[in-house]
Amino acid sequence: MRFSAFVALSVVAGVFASPAPQEESPAGRPGGGVRCPNGRTVRNRQCCSWFAIIPQLQAEIFNNQCNKGTRRVLQTFFHDAIGFSPALTNAGQFGGGGADGSIIAHSVIETTFVPNRALGPTIEALRAISIRNSVSFGDILNFANAVGLTNCPGAPRLEFLAGKSNSSQPSPPGLIPGPGNTADAILNRMGDAGFSHDETVDLLSAHTIAAQEALNLNAAATRAPFDSTPAVFDSQFFIETLLRGTVFTTGGPGFAEVLSPLPGEFRMQSDFALARDPRTSCRWQSMLTNSALVASRFRAAVAKLSVLGFNRNTLIDCSDVIPTPRAQINSPRIPAGLTTADLEGFCPGTPLPNMVVAPGPLQTVAVAAP
Ligand code: HEM
Ligand SMILES: *[C@@H]1O[C@H](CO)[C@@H](O)[C@H](O)[C@H]1NC(C)=O
């Protein structure tokens, strides 16, 4: 017993030459791991302290729901991380530190960026929890994002790597994609940050739990969602962005607003364009009927986003602290009142899948949760 434990430990220690923290494998736990004071088993002792932060996030930001707090944390996480440009670095300028928490550390500067103008309250809530628990701003963004998503049925259980440095510089301006951007501009920007066309589509699954509030201030579009189920992580966003547009939820075209298929739903020009662009349309269409696939692809793309600017091998895998997200029971469908003829296919040579049509009359999409 003693001997085999010693051998196992030596092998592990040999694999990681860096001073990454190692943990004993207590007898009787073949997979390794340690028991935290709360009784939960994790692979690395340093992960135990994260459990206590979960109830703080739930109480102060998410209220245990897939709500505005959850959505804003996800958006804040993206806007922090995408501040990363090898193109700028190659041009001799500072290219940004990626997923470094600079959006919190330098919020005075970064909240002046137009896409961040509504994120102040979210940033302040995260700052308070981060400082109270002595964890870095980069870490709290990843962690809060992973915990928030567990409130959204169907969301993936995200990876969580802890241990980022708390130091950062302000992101350069102009790196966050905008809803009025062309598909070209968005794909170039995401490509600069290291994301393929497919991965860009995978990341846009985020818009299945999203609404607009700061883009268009028209009262009719307050918290107007991008799909009919903004509290569920499903494939509806991909279906509904391919439905023929018929109505302006605001009554007329606002900035970056295009015709939506359902009253109450807001369709952004950028989502419209990427759903139809030949570089992204086939990936888009491949998402229509498989919410589990949407979730698994999103998980992989977010894992990449969350370490932009970092070497993942220097971080500690604390994914086992993240709770299991709620299950999703909806099946993919054409919303009531519309038909399969309203669905437009843009993937050359690949027919649209057979779709279930929800019964009943056309409904106005309800606003997303506050
Ligand atoms: C790449 C092109 C993208 C563009 C042009 C874009 C643009 C926007 C815009 C304009 C809004 C509305 C914000 C408001 O009015 O308050 C929004 C909402 C949102 N976006 Fe994106 N986005 C993109 C990608 C992403 C990605 C990759 C993520 C996350 C991984 C993300 C997460 C969100 C979330 C969660 C919301 C909802 C915020 C809320 O409901 O308060 N977006 N996006
Ligand atoms: C991170 O830096 C901020 C200043 O930007 C500071 O207020 C905070 O206490 C630091 N957090 C940690 C864990 O060092």
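We count from 1, first residue shown onward.
Cβ atoms are placed via backbone N, Cα and C, with glycine included.
Summarising the annotation, TrEMBL assigns active site, proton acceptor to HIS79. Listed in sequence order, ILE103, GLU110, PHE113, PRO115, ASN116, LEU119, ILE176 are the same-chain residues at least 6 apart in sequence whose CB falls under 8 Å from the CB of HIS79 (active site, proton acceptor). Mapped onto three states, the DSSP output places HIS79 (active site, proton acceptor) in helix.
Sequence-distant neighbours of ASP100 (Ca(2+) 1 binding site) (same chain, six or more apart, CB under 8 Å from its CB) are ASP80, PHE137, GLY138, LYS164, SER165, SER168, GLY309, PHE310, listed in sequence order. Per TrEMBL, the feature Ca(2+) 1 binding site maps to ASP80, GLY98, ASP100, SER102.
In the three-state DSSP assignment, the secondary structure recorded for HIS207 (heme b binding site) is helix. Annotation comment: TrEMBL describes HIS207 as heme b binding site.
In sequence order, PHE226, ASP227, THR229, PRO230, VAL232, PHE233, ASP234, SER235, GLN236, PHE237, PHE238, VAL294 constitute the residues six or more apart from THR208 (Ca(2+) 2 binding site) in its chain with CB-CB distances below 8 Å. Annotation source TrEMBL lists Ca(2+) 2 binding site at THR208, ASP227, THR229, ASP234.
Following the DSSP three-state reduction, the secondary structure of CYS48 (disulfide bond) is helix. As annotated by TrEMBL, disulfide bond applies to CYS36-CYS48 (among others).
A coil conformation is recorded for CYS318 (disulfide bond) in the three-state DSSP classification, outside any helix or strand. Sequence annotations record features per position, and here TrEMBL assigns disulfide bond to CYS47-CYS318 (among others).
What TrEMBL records for CYS66-CYS152 (among others) is disulfide bond. With a cut-off of 8 Å between CB atoms and residues at least 6 apart in sequence, the same chain places GLY148, ASN151, CYS152, PRO153, ALA155, ILE209, PRO230, ALA231, VAL232, PHE233, ALA369 near CYS66 (disulfide bond), listed in sequence order.
In the three-state DSSP scheme, CYS282 (disulfide bond) falls into the helix class. Feature annotation from TrEMBL assigns disulfide bond to CYS282-CYS347 (among others).
Computed over the domain 'Plant heme peroxidase family profile' (123-322), the whole-number mean pLDDT of the model equals 98. According to TrEMBL, the feature domain 'Plant heme peroxidase family profile' maps to 123-322.
Among the features that TrEMBL reports, signal peptide is placed at 1-17.
Non-local neighbourhood of CYS282 (disulfide bond): CYS347, PRO348, THR350, each in the same chain, at least six residues away, with C-beta under 8 Å from its C-beta.
Each of ILE209, SER228, PRO230, VAL232, PHE233, SER235, GLN236, PHE237, GLU240, ASN330 belongs to the same chain as THR208, ASP227, THR229, ASP234, is absent from that list, and has a C-beta within 8 angstroms of the C-beta centroid marking the Ca(2+) 2 site.
Taking the C-alpha positions, the distance from CYS318 (disulfide bond) to SER102 (Ca(2+) 1 binding site) comes to 22 Å. Around CYS36 (disulfide bond), the C-beta neighbours below 8 angstroms that are at least 6 residues distant in the chain are VAL42, ARG45, CYS47, CYS48, PHE51. A Cβ within 8 Å of the Cβ centre of ASP80, GLY98, ASP100, SER102, the residues given for Ca(2+) 1, is found for these other residues of the same chain: ALA81, GLY83, PHE84, GLY96, GLY97, ALA99, GLY101, ILE103, GLY138, SER168, SER171, LEU308, GLY309.
Within the same chain, residues at least 6 positions away in sequence whose Cβ sits under 8 Å from that of GLY98 (Ca(2+) 1 binding site) are ALA81, GLY83, PHE84, VAL307, LEU308, GLY309, PHE310.
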